[in-house]
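Per TrEMBL, these features apply:
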- 1-247: domain 'G-protein coupled receptors family 1 profile' (DOMAIN)
- 7-32: transmembrane segment (TRANSMEM)
- 52-72: transmembrane segment (TRANSMEM)
- 84-103: transmembrane segment (TRANSMEM)
- 148-168: transmembrane segment (TRANSMEM)
- 189-212: transmembrane segment (TRANSMEM)
- 232-250: transmembrane segment (TRANSMEM)
Amino acid sequence: MWNITNYLVLNMCIAHIPLTLFNSSSRFLYLFNSDWYIGKWYCHFNNFLANMSVAVTAMTISAISVERYLAIVWSYTPKMSMKIIVMIILIWVAGFAIGLPSADYDNTIARRDTGNTRTVCVLKWPNGDIFNSTLDHGYDKFLLQVTYIWPMFIMGMCYSTTAMELWCCSSNPERAPQEIHTRHTKKEATMFISMMVVFAVCTLPFHVHNIYAEYDLANQYGGLSKHLDLAANWLAGANAMINPLLFILMNSRFRQCLIDAWRQCHCPFWKRSVHLEDTELTMFHMCIFRPESTSAILTQTSSGEFVSSDTRSLVERNLDVPNV
């Protein structure tokens, strides 16, 4: 069922895609070799995409925590409307604005180091030295606040209150009829809290290293700082990989939908050695999509003939209840 939470989760997954496809490999090569090979235009695009993706992810995961807080603590579940679409659009507009300075001021420069000339991709602000810019310091601190401190504060407040409501107040006898619903809500809340912890652990080293590099200009592009930068960027990118694994491991409905989608992508397929009442049959499953979303199973008998059978249960066939 498509609800507000699902739309926000989908938006977070979409925000991970550009970071995974266009930023991870190029950033890894740059940090590993300390040389930018890809060109000036991709320097603008690469850093803009990274900052925009991180900002959209942070704002979306914060919105999920607020939505879950309102639904669980205050039992407020707004109906689906255009407001959620407008909110998602505003999140992307804000992310675009946050990443825009990288698109405008990122540039490539040649730098001599130990007798070799290397190309680096850096923010070249209009106020002077690229390695000692007040605008650069301000932008890094702004990113730290907008994409980490504020989201972590919002998520911490919302999820701590939600956890108290679920685990401390759910023992109320008046809530006994809602035990099954509460159990499902606890699993869902645990999954989102785990996402918050993963987000905090994966992105904190990236922000800490950016602030640290401003005060260690001599070793900003060499020595230990190079390896720390590589590890921090790798960990920040790992957030996009861990979140889908959390969905698969901790959400049974998502896991079942993923299995169903995988099966549909591989139809028709042969299923071997099916024994039914001591008769060995070879089952040929053919997916037939109908308006009522039913499917037929063609069973090949020993004589070579195919017999079609309805996949509906006996109760559904006897009562003539359509499959939905």
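Note: Cβ is positioned from N, Cα and C throughout, glycine not excepted.
What you see is a predicted model, and the numbers here were worked out from it, not measured in a lab.
Relative to the transmembrane segment (148-168), the listed stretch 52-72 leads the set 7-32, 52-72, 84-103, 189-212, 232-250 in CB pairs under 8 A. Outside the transmembrane segment (7-32), and at least 6 residues removed from its termini, the chain residues within Cβ reach (under 8 Å) are 38, 42, 45-46, 49-50, 52-54, 56-57, 60-61, 63-64, 67, 84-85, 88, 91, 95, 121, 226, 229-230, 233-234, 237, 239-241, 243-244, 247.
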